[in-house]
Amino acid sequence: MYSNFIKNDIRKSKLITATITAFILIAAMLTALAASLTVNLSGAVDNILLSAKAIHFIQMHTGDVDMEQLRNFAADQESVEDYQVLPFLNIDGAEIVIGDNSLADSVQDNGFSIQSEKFDFLLGLDNKIISPSNGEIYFPIYYMQEGNAKLGDKVTIHGVDFTVAGFLRDSTMNAALVSSKRFLVSEADFERILEFGQLEQLIEFRLCDGVSYADFETAYLDAGLPANGPPAITYAQIRLVNGLTDGIMIGVLALIVILVIIVAFLCIRFTLLAKIEEDYREIGVLKAVGMRVSSIKKLYLAKYSVIAGIACMLGFLLSVPLSEPFKQNIRLYMGESDRQTFLLGLLCGFVGAAAIYGVVLMYVNGVLRRFRKISAAQAVRFGSPREKSKSARGFLLSNNRIFPRNVFLGIKDILTRKKLYVTMLTVLIISSFIMVVPQNIYNTISAKSFITYMGMGICDATLYIKPTQAEDVTQKGTEAANSLATDENVEKYTMITTKMFDMKVDDGSTQKLRVSLGDHTAYPITYTQGTVPQTASEIAISTLYADDLAKTIGDEIVLTVDGADKRLTVSGVYSDITSGGRTAQAIFETSSGDMLSVGIPITFRTGADSEAIIAQYKGQFPFAKVYGVEENISQMFGPMISSVKMASYAAIGVTVLLTVLVTVLFMKMLVAKDRYSIAILKSMGFTSEGIRRQYLTRSVIVLALGVIIGTIMANTLGEYVGVAIVSAFGATAFNFVVNPFFAYMVSPLLIATCVYIATLLGVSDIRPLKISEHIKEA
Amino acid sequence: MENIVTGKNIIKIFGKGVEQAKALDMVNVEITKGEFVAVMGPSGSGKSTLLFALSGMDNISDGSVKFGDTELSKLRENELADVRRTKMGFIFQQPTMLKNLNLLDNIILPAVGDGKKDTVSLGQRAKALMRKTGIDGLEKRDITEVSGGQLQRAGICRALINSPEILFADEPTGALNSKSAEEIMGLLVGINREGTSILLVTHDAKIAAHADRILFTKDGNIVSELLLQKFNGKDMEAKTEKVLAQMAAVGI
C-alpha cells in the first residue's frame, strides 16, 4: 500500500518532489563535503606536522647566538625535548633572479636555509625529507602556486647558478599569511651565497607533551636568551595558520548548508501543509473509521523518508568526487592524507548526510503533528479546514477608490492570508541576505580601509629598517625621514619606532612587551574599543595582548623605562595581525628598550607614480625594506580575497536559482490551492490576465517586503556573520563597506527580475484552468 | 421573438481515446428574450454541461452557440470574459463566494472596473438589491457568518449587479431547505418578470414548475419539451403534477 501511495503522490506532483529532492540532496552533499573536508584537512595538517617534525617554539634572532647559554637553558628546562639553531639567510627578492624575472615584487622575507638534522624538516611533494645536491635549489610551494617558478628553471643569485629541482613544504612557513619563506640549498652552496645576505638565526625547540607554550616563552625571555626578531611562534599558531585558508572555505560551506536546509524546510513545510489541506477529507475519513494518527502519519512520512533517503544517499555519493578539487589545495600544501584519514573522511561524510536525513524526517514528523487537530466530523462534513478570515476588515472593496480591482484583490489576499506568504517572504529575505552579505564581505576586505582593522594605517608605502639590515636603526631611520621631508613626492610620513620593554606583571615577575612609539594619529588604525593613546601616560594594546594580560580599557600596565617604573593606562584595544599579533602603541619618549625596528609609513602626493617612487626608494635606501601597500595587501590577502570573491559570485548564482525555483513552486501551489476562487472569478467575467495581475500584485508586495527586510538585515545582522568569517583574518570588529550600487540597486533588481519571471511561469496554469471543472467543488 | 441564446448541433466530448464520452450529442436549443427555461434530467444526462456550453464557460467540441448575434466560439478569451461579466449572471448550487471578502464586496466584485469607478453608487445599487432579496443589514458579514439561504440570495445579488440580460442558474436551490428554496424561486420569477431571461438547471420538478418551458435531457440529448405558460400561472401543484407526468413519460 505504501509504495502505491508514494508512487501516485510523486507522479501527481513531479515538480514539487523534484525541488524538495534537489534541496535535500544539496544539503546532504554539502554537509558530507564539509564533514569529509574537515577530517581531511585536520588529517593533512597533522600529517605534515608529524612528517616534518614541526617545531613547538621558534624565535628568530639576528646576530650571534650564545650556544653555551642555550645548551644550559635547554638542560635546565625539563620541558625541552630537543633544540637546534638553523640559519636563515635573508636575500633581497630582487637578487633572486629566475630566468628573466626576479622576486623583486615579492613582499615575503625570502631566506635560504639548509636541511635540518633533528627536526623542522623541509619536505618534498612526497612528504619525504629533501637532501639537495650541489647546484640544486628547492622553492617554497607558495612560489609554485603564484607561478613565479617551475621545475627546471635556472636561478641565479649573485652569479651563483642553481636549477629548480623541486618545491618544498615547510610546516612553519607554508601559508601565504606567514611573511617569511624558506628556500633550500645544499650546505656547500649555502656557504657560497653566505656573503650576499644577512644571516638570521632560527632558534627552535621541540617540547614535551602538555607543556604550556606561554610559560615556556616567559622562561625563555626571562633567561635573557636572544630574541630581537619578530615575536616567538608556537605550535598552536602553526597548526592554525596551516589550516586557515581551507578552514575558511569549510566555514563558508557550512554557512551555505544552513541556509539550504532552512529553504528545504520551508519548501517541505509548505508542500506538506498544502497536501494535508488537499487530503483533508480523506484524513478525516481515515480518522472516522478508527485509524490511528500514528498510522496515518506513517503514510506521509513514508514518502519523505523515501525522498530524503534517495537524496541523502545521492548527496553523499556526489560529495565524494566533488571533494577532489577542494582537496587539491590541501594536498598541494600538505600532501596526501593517509588511507585511514581518507576512510574516516568518508565515514564522517556519510554520517553528515545521514544526519541531514534524520533532521528532515524529524521535521516532517513535527509538521505532521497537526493531524491531531483535524476533527473527523468537520473534515467529513466540510471537506476543508474552516479557515477563519477575520483580518483586514477595514480594507474593503466598497470603500476602495485607489487600486484597480485586481491589484486590490491581490493586496486583500495577502492581508487575509498572511501566514501563507511568510514562506515566500522568508525565502526572499534569505535570498537578499545571501546575495548581499558575501558581496559586503568582499567589499570590506578588498577596501583600503580594511587594513586599519588589522593594525595597519592607510598609506601608500612603508619603509622598514630592522637590526638585520642596519647597525644603528634609529640613525638610519632619521636619515631616511630627513630625506623624505624634502622629497616633493611625499605628502606626509611619520616615524614609528618599535622597542621591547620589560613589563611588571601583577605577581611581581616581568614579561616582555613590544611597544611602537611615535605619532599614531598620523596613520590611524581602527580601535575595537577605546582610542589611540593621547598622552604620554597612555597605551593601546592589541587584542592578543589584551587577552594574554587580561587587561582592558582603564587598566594599568607598568613598564620599566629608563630604569624606572612607568605607569601607563590602557586607552584602547585593537586587532592586529602584524608582528604575530602582539603589539602595543604609546607616545612617550625614551632612549631605553631593545630596538626592534623603525617603520616609516608614507603617503605620496596625489598623482605621483607610486610604483616608480617605490622602485626609486629601494635603491635610495638600501638599508631598508620598502613595501608598496597595494602589493603588500594583494600578496598577503590576495588568495583569500579572490576566494571570497568567488564565493560571492557563487552566492549570486545560488540565490538566483533559489529564488526562481521557490517562487515558481510557490506560485504553482498557490494557483492549485486557489483554483476554486479562480473559477469563480472567471465565471464572473474576470480575464486570465486580470487574475494573473492579482498574483503578480501578491508577488510584488512580498518581493518588496522581502528585499527591503533582507537588505536591511544583510547590512546589520549580516555584519555579525561577516565578523565571524573575517575574524579568521585576524580582525575582530569592523564595519561593512557597502557598495551601494550593488547592495541597493543590482541585488534588489536581480531578485525582482527573478521573482517576476518566476511568477509569470508559476501562474501559467491560470489560463487553461476550466471553470466547469472547478466551480463545483466547494 | 428574438433569440437571446441559440445553440445548434452542440457536441461536447470529454476525455480521449477509449475513455471518451459524449456529454452532449447534437443538441439544439433556443431561448428567446425574457423567457424562463428550465433544464431537467437525471445525473449525468448533460444538463449542467449544456448550461456551461450555452454560457460560454466551457468550449464545445462541435456545433455553434450564439449569444444574440455573436458566435461565442469566435470570441477571444477576453471578449468572452467581457460578455460574461456585463451580459450574463450566474448562480450556482454552492454559493461561490470569495472567502476573503465580506458579503457586500463579494456582490459588487463583478462590477468593479479596472479604472476608478464610483464604488459609492455601486454600493448603493448593491444595497438596493440586498433589500430586494431580503438580506439588507448583512453587508459587512463574512461569508462564513450567514446562512446558506442568505448566501444564495447574496449570490443572486451578485449575479444581478451588472443588470444582465440572462441569468444562468445551476441547481440554485440544491443546497437549501424547501422553505428557502421556494423563497429563492419566488425571487427568480420576479426577476424574470422584470425582463431578465433565465436558464435554470434542476432535477426537482417543484422547482422546474416555475419556468415557462422545460427541456428534458437524457444521455446527452434533449428528449422532450414541456410548455407551462398555457397552464394557469398560480396553481403550482397542478404545474408540478404536469412536470412529473412528463418525466414519467420520457422515463427520467
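Including glycine, each Cβ sits where the backbone N, Cα and C put it.
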Of the residue ranges A:37-58, A:301-322, the one that TrEMBL records as transmembrane segment: A:301-322
Whether the transmembrane segment (A:248-272) meets the transmembrane segment (A:646-667): three or more C-beta pairs under 8 angstroms: yes
The domain 'ABC3 transporter permease C-terminal' (A:651-760), counted residue by residue under DSSP: helix, strand, coil: 95 helix, 0 strand, 15 coil
Residues in the domain 'ABC3 transporter permease C-terminal' (A:255-362) grouped by DSSP into helix, strand and remaining coil: 99 helix, 0 strand, 9 coil
Long-range neighbours of the transmembrane segment (A:342-364), counting only residues six or more past its ends (CB under 8 A): 24, 27-29, 31-40, 43, 261, 264-265, 268-269, 272, 300-301, 304-305, 308-309, 312-313, 315-316, 319-320, 323
For the transmembrane segment (A:420-442), sequence-distant contacts whose Cβ falls under 8 Å of one of its Cβ atoms, 6 or more beyond its ends: 256, 259, 262-263, 266, 269-270, 414, 641, 644-645, 647-648, 651-652, 654-655, 658-659, 662-663, 666, 670, 698, 702-703, 705-707, 709-711, 713-715, 718-719, 721-722, 725-726, 736-739, 742-743, 747-748, 750-751, 755
